[in-house]
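**Student:** Sending over a structure as C-alpha cells; questions will come in a sec.
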Amino acid sequence: MQPIPDVNQRIARISAHLHPPKYQMEESSVLRRANCRAKGGAPGFKVAILGAAGGIGQPLAMLMKMNPLVSVLHLYDVVNAPGVTADISHMDTGAVVRGFLGQQQLERALTGMDLVVIPAGVPRKPGMTRDDLFKINAGIVKTLCEGIAKCCPTAIVNLISNPVNSTVPIAAEVFKKAGTYDPKRLLGVTMLDVVRANTFVAEVLGLDPRDVNVPVVGGHAGVTILPLLSQVKPPSSFTQEEINYLTDRIQNGGTEVVEAKAGAGSATLSMAYAAVKFADACLRGLRGDAGVVECAFVSSQVTELPFFATKVRLGRNGIDEVYSLGPLNEYERIGLEKAKKELAGSIEKGVSFIRG
C-alpha cells in the first residue's frame with residue numbers, strides 16, 4: 001500500500017493533466033522560463049509580428065515558426081494573442097514563441113528584435129475605398145512605429161499594412177521625428193504583386209511559377225503596380241492582348257480575391273506566403289548571404305518620387321543597393337507615368353498625416 005502523501009501527489013499530477021490551468025500570458029511567454037531547461041532555440045534571428053492574431057498574421061506566424069533562421073518569435077496583437085501563441089508554440093520547430101497582448105506589452109514585444117513584420121490593421125472589404133482604409137490603418141501604423149523607434153530602432157521593418165503607398169511614408173516620418181530613421185531598414189512589402197505576376201505569367205507561358213521571375217515596380221495599389229513584362233525571366237515575348245490581360249490582372253489581383261470572398265475577407269493566405277518569402281529574404285541578407293534580390297517599396301532616387309518599388313539587394317544592414325528600372329518599352333513607359341502620378345498623391349497623404 002502506497003503512503004498517503006505519495007497517493008495524493010499522484011492524484012494531483014493526474015488532475016493537473018486532466019484539468020490544466022487556463023492559459024495566461026505570463027512573463028510575456030508561453031511558459032515560465034524557470035520551468036524550461038532550454039533557454040532558446042537554435043541560433044538565429046529574433047522576429048516580431050505585430051498584428052499576429054489577424055487574418056494575415058496567423059498564417060504568417062505559423063510560416064515564420066517553420067523558418068530555421070528564426071530563433072525567437074514574438075507575437076503581438078491587441079486581441080487573441082494568447083490563443084494564437086499557445087497554438088503555434090506547440091509546433092516542433094526551433095523558434096521559441098512568446099505572446100504579447102495589448103498596448104501595455106508592446107515595448108516588451110519589440111525589445112531586442114532583429115526584424116519586425118507589420119500586418120496589423122483592418123482588411124479591405126467590398127466597397128471600401130483606399131481613403132477608408134487609410135483613416136483606420138494610418139493611426140495603427142503610427143503607434144506601432146513609435147514603439148519600434150523606442151525599443152528596437154536598428155531592426156529591419158517589413159511593412160504590410162495597407163495602403164503601403166501611404167503607410168511607408170508614415171513610418172518614415174515617425175522614425176525621423178524620433179531621430180532613428182534609416183532608409184535602408186524600412187521596406188514596404190510588395191512581394192504579393194511579384195508572387196501574383198509570377199503565377200499569372202507562368203499560366204500564360206505554360207511554365208512552373210517557381211521558374212518565373214517578374215519585376216514589379218512602382219507601388220502597391222491599382223495602376224501604381226507596374227509589372228515589367230519586358231524583363232521577365234526566362235526571357236519571353238507576349239502579344240499585346242496578353243500584356244493587357246496580365247497587367248490588368250496583376251494590378252487588380254487584390255480586388256479579385258476580395259470579390260471572390262464576398263465580404264469574408266481579403267487576400268490573407270497568399271499575402272502571408274508572400275510576406276514570409278520576403279521576410280526570409282531579409283533574414284538571409286542579415287545572415288550575409290550574397291545575391292539576395294527582391295522587389296520592395298523603399299526610399300528611392302530611381303524616380304523623382306521619395307519612395308518607389310524596385311528591385312533591391314538585401315544585406316546585413318537591410319538594403320545594400322537599390323536598382324534602377326532598366327530598359328522599358330513604350331507600354332511600360334506610359335504605365336510608369338500613370339503610376340507616378342497616382343503614387344505622388346499617396347505618398348504626400350502619408351507624410352501629411354504626421355506633419356499635419
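Numbers here mean position along the shown chain, with the first residue as 1.
Every residue, even glycine, has its Cβ placed from backbone N, Cα and C.
A quick note: this is a predicted structure, and the numbers were derived from the prediction, not measured.
Okay, so Swiss-Prot annotates it like this:
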type     : residues                                                                                       : note
TRANSIT  : 1-36                                                                                           : transit peptide
BINDING  : Gly51, Ala52, Ala53, Gly54, Gly55, Ile56, Gly57, Asp77, Asn137, Ile160, Ser161, Asn162, Met271 : NAD(+) binding site
BINDING  : Arg124, Arg130, Asn162, Arg196                                                                 : substrate binding site
ACT_SITE : His220                                                                                         : active site, proton acceptor
**Student:** Just to verify a number: CA distance, Ala53 (NAD(+) binding site) to Arg124 (substrate binding site), in angstrom, no decimals.
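**Tutor:** About 16 Å separate the Cα atoms of these two residues.
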**Student:** What is the Cβ neighbour count of Gly55 (NAD(+) binding site) at a 10 Å cut-off, with all protein chains included?
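**Tutor:** Gly55 (NAD(+) binding site) is surrounded by 19 other Cβ atoms within 10 Å.
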**Student:** Using DSSP and collapsing to three states, where does His220 (active site, proton acceptor) fall: helix, strand or coil?
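**Tutor:** Once the DSSP labels are grouped into three classes, His220 (active site, proton acceptor) ends up as coil.
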**Student:** Fewest other CB within 10 angstroms, which one of the binding-site residues Arg124, Arg196?
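**Tutor:** If we count Cβ atoms within 10 Å for the binding-site residues Arg124, Arg196, the smallest count is at Arg124.
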**Student:** Roughly how many Å lie between the Cα atoms of Asn137 (NAD(+) binding site) and Asn162 (substrate binding site), rounded to a whole value?
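**Tutor:** Asn137 (NAD(+) binding site) to Asn162 (substrate binding site), Cα-Cα distance: 7 Å.
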**Student:** In whole Å, note down how far the CA of Asn162 (substrate binding site) lies from the CA of Gly55 (NAD(+) binding site).
**Tutor:** 14
**Student:** Count the Cβ atoms, other than its own, that fall within 10 Å of the Cβ of Ser161 (NAD(+) binding site), considering every protein chain shown.
**Tutor:** 27
**Student:** Given the binding-site residues Gly51, Gly57, Asn162, Arg196, which lie within 10 A of the residue listed as 'active site, proton acceptor' by CA-CA distance?
**Tutor:** Asn162
